[in-house]
Amino acid sequence: DEAVRGTCEDASVCKRFAVSVGYWNDPYIQYFVRQPKERKAPEINRGKLEWEWEHLTGYYARVHGVSYLIKAFLEKTECNCQIVNLGAGMDTLFWRLKDENLLPKKYFEVDFPMIVARKIHNIKSKPPLSKPIMESHSGDSLLIDSHSLDSSRYSIVGADLRFSSDLEEKLKKHSLDIHLPTLLVAECVLVYMTPQQSANLLKWAASTFPVAMVINYEQVNMRDRFGQIMIENLQRRQCNLAGVELCSSLDSQRERLLENGWEDARAIDMMKVYSFLPQADVKRIEALEFLDEKELFEQLMQHYCICWASKDSSNL
């Protein structure tokens with residue numbers, strides 16, 4: 001668990017660096033993580049070099065790809081929905097959605113209690129983070145302690161995703177509404193759980209919400225030599241990918257969603273995501289830093305994917 005928790009720090013540092021170089025705009029990441037001293041290789045900003053850090057698969061492509069799906073869901077539901085960000089770490093999406101006037105009815109984040117405690121400490125001590133929460137809050141007093149925060153629009157819950165009954169209980173205490181269209185987001189989360197544990201989580205979500213969508217971003221094509229090197233390098237950091245057998249192909253990623261109660265599932269690798277992004281912006285970010293290892297970049301991008309699945313009794 002300690003090595004898995006460490007990936008939160010790695011991902012945050014990488015995002016902060018990519019933002020500072022100009023890959024995308026995020027005025028809030030600075031309040032959660034210090035600027036790294038070393039300059040990271042361009043593949044790490046656009047691709048995800050898993051064995052040096054918990055790395056950036058086109059963190060640019062990842063951020064834009066996941067964001068595209070989230071905004072499509074918000075648009076379809078006209079924001080009359082809730083988002084549950086699983087293993088959210090130091091993610092800043094709540095603040096960015098508020099800035100764009102795209103907040104759902106309620107936004108939940110879940111992570112290990114230790115990570116949640118750190119995030120809450122930052123929020124309490126930094127007005128640019130706490131003020132937007134207060135501004136969006138209505139009703140009774142805002143509840144906050146060392147391992148949870150609950151306002152009318154935003155909640156942070158300390159829980160272990162491997163135990164879905166405990167997770168459900170904690171979310172319901174924070175006013176989870178199972179009748180609202182619900183979007184669950186998991187970025188590099190399920191792969192750290194055993195296949196049975198992630199299946200339990202996916203089944204719980206599919207059986208709990210009548211209208212729901214899940215977005216899963218993680219590794220794919222892990223049975224080839226490149227994938228094996230990624231696994232070996234992570235193992236050297238005592239970081240075990242307990243669910244890597246489900247990351248063997250795009251088909252295996254889709255099948256795990258369909259087998260666990262989701263009605264429609266799709267998956268594409270990150271090279272394809274990169275090719276779908278607005279070309280003017282891709283040209284802009286490619287001009288930020290010289291990328292001499294295009295083949296390595298393409299290999300990296302082919303070893304990550306975005307999968308999404310839905311369950312839709314309302315025909316959204």
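In case you wondered, yes, glycine gets a Cβ from its N, Cα and C as well.
Copied from TrEMBL, the annotated features are:
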- ARG62, GLY87, ASP160, LEU161, GLU187: S-adenosyl-L-methionine binding site (BINDING)
Quiz item: Of all the Cα pairs drawn from ARG62, GLY87, ASP160, LEU161, GLU187, the residues the record ties to S-adenosyl-L-methionine, which distance is largest, in Å?
Solution: 24
Quiz item: Of all the binding-site residues here, ASP160, GLU187, which one's CB has the most other CB atoms within 10 A?
Solution: GLU187
Quiz prompt | For LEU161 (S-adenosyl-L-methionine binding site), nearby residues of its own chain (Cβ under 8 Å, 6 or more apart in sequence) | solution = LEU86, GLY87, VAL110, LEU167, VAL189, MET193, GLN197, LEU201
Quiz item: Within 10 Å of the Cβ of GLY87 (S-adenosyl-L-methionine binding site), how many other Cβ atoms can be counted across all chains shown?
Solution: 22
Quiz item: Among all the protein chains here, how many other CB atoms are within 10 A of the CB of ARG62 (S-adenosyl-L-methionine binding site)?
Solution: 25
